[in-house]
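In TrEMBL this protein carries:
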DOMAIN    B:2-113  domain 'DNA polymerase III beta sliding clamp N-terminal'
DOMAIN    B:124-232  domain 'DNA polymerase III beta sliding clamp central'
DOMAIN    B:235-355  domain 'DNA polymerase III beta sliding clamp C-terminal'
Amino acid sequence: MSDMLWRPKGRHDLASFESEICAHCLDRNGEGDWEDEFGNDMPGQCVLIHYAFVGPTLQWTIKDGKRDCSCFVEDPDNPARCPRTLEMFP
Amino acid sequence: MKVARTDFARLLSAVAKVVESRNTIPILATVCLVAEGGTLTATATDLDIEISGSIAAEGDFAACLDAKLLTGIVTKVAGDEITIEQGDGTATLRAGRSKYNLQTLPVDDMPSMAVDGFTAEFTEDLAALFAPVQFAISTEETRYYLNGIFLKGAVDTGSQAVALTAVATDGHRLAKHVASGVSAFDGIIVPRKTVGLVPKGNITVRLSASKIQFVADGTTITSKLIDGTYPDYQRVIPSRNDKIVTFSGDDMARAAGRVSVISSERGRAVKVEVVNDQATLSVNNPDSGNASEDVIVSYANEEPITVGFNSAYLGELVGIFPPGDVKMALSDGAGPVLFTSDNAPNLLAVLMPMRVH
């Protein structure tokens with residue numbers, strides 16, 4: 001059975017997703033920082049974030065009851081908190 | 001003011017550790033230099049931690065200079081001596097044939113941390129005590145009371161000896177390291193940044209209800225403690241896990257790392273199935289395939305047991321023990337798992353299993 005798609009309910013929901021998942025992803029900065037047509041330094045960002053509120057993003061799903069991103073590649077220097085390890089202090 | 005360049009460089013590198021790379025408050029990016037009576041005292045702070053140290057110096061000086069800039073200059077300039085002259089809002093630094101004019105801030109602007117009221121003092125190699133448990137410090141901001149190492153000096157009711165206990169946990173992993181202590185004190189929580197600044201070797205440690213101070217080699221580090229209640233960690237350390245699996249820690253960590261390559265998702269799960277004297281580690285990723293590897297273990301129980309772990313957690317946790325065998329004590333594969341080693345009798349770790357499909 002395919003996973004259900006997940007879509008942020010609002011900006012706070014997206015921010016929570018970014019801190020839980022995107023912040024620990026190697027591709028969080030997309031293709032790196034860039035300079036716009038006015039010479040301003042623009043921070044690099046994952047392309048999926050741009051489409052967060054545009055339409056269903058196929059890479060964002062609900063897997064085992066938790067939000068997930070199929071493009072996620074864990075940053076070994078900054079690993080995400082494991083979503084499936086049982087909690088010592090629930 | 002005139003100082004020896006190598007001494008000054010060493011002093012600055014010790015003190016400037018606390019200065020954050022980005023500061024919104026300008027004074028926190030500086031190091032405060034006060035020279036009088038033949039001694040130069042350098043102080044820096046981030047408002048939670050204050051580091052100060054002293055070296056011999058000739059002449060007087062009192063100003064705050066940019067810490068990163070000054071450290072860079074002092075490590076690069078030639079000559080054995082550095083001279084700094086104070087101007088009006090500036091300082092002129094001379095060394096060899098180099099001359100730098102630097103902006104300064106008044107010393108009165110530098111925040112000072114009250115360093116009195118210490119109720120306990122002892123000498124201990126805290127860096128060695130903290131080293132094996134440091135990996136388990138939480139980074140979750142919501143549970144701020146786990147963002148440090150819990151340190152307690154308690155009298156053992158049986159032997160009447162004082163045991164110094166360091167505990168760290170992030171709610172998934174827990175590590176506890178015990179050393180013999182000299183004075184009993186209530187439990188405190190030492191923040192993660194402070195833990196990283198503890199000097200190696202035996203140091204003098206002073207404690208109060210809200211602060212901790214380390215003194216070593218002419219450097220004094222004073223830090224605020226985390227104001228919170230540490231969870232009752234004793235209750236999650238299993239005492240009745242009777243299924244004991246013994247393995248080479250190095251072999252297990254490497255095997256877990258190899259099989260987990262197949263998965264890149266959050267929480268790479270490795271399933272460990274122990275039958276007789278063999279543990280089979282397997283990872284199944286529906287998107288890319290599966291992998292398995294056998295590890296030779298010692299397991300006396302006839303009942304096979306299966307448990308799932310986050311592979312990164314498993315590898316990191318067995319790595320805290322000295323080279324050699326590690327004992328893994330399980331109950332049913334769903335409860336906390338205890339790790340110990342005969343080579344480190346004062347060290348234990350607990351790892352929570354994960355759901356493996």
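Glycine residues also receive a Cβ, built from the backbone N, Cα and C atoms like all the rest.
A quick note: this is a predicted structure, and the numbers were derived from the prediction, not measured.
For the domain 'DNA polymerase III beta sliding clamp central' (B:124-232), the mean pLDDT of the prediction comes to 92.
Secondary structure of the domain 'DNA polymerase III beta sliding clamp N-terminal' (B:2-113) per DSSP (helix as H, G, I; strand as E, B; remaining residues coil): 31 helix, 52 strand, 29 coil.
Secondary structure of the domain 'DNA polymerase III beta sliding clamp C-terminal' (B:235-355) per DSSP (helix as H, G, I; strand as E, B; remaining residues coil): 24 helix, 54 strand, 43 coil.
Residue counts for the domain 'DNA polymerase III beta sliding clamp central' (B:124-232) under DSSP (helix as H, G, I; strand as E, B; rest coil) come to 17 helix, 50 strand, 42 coil.
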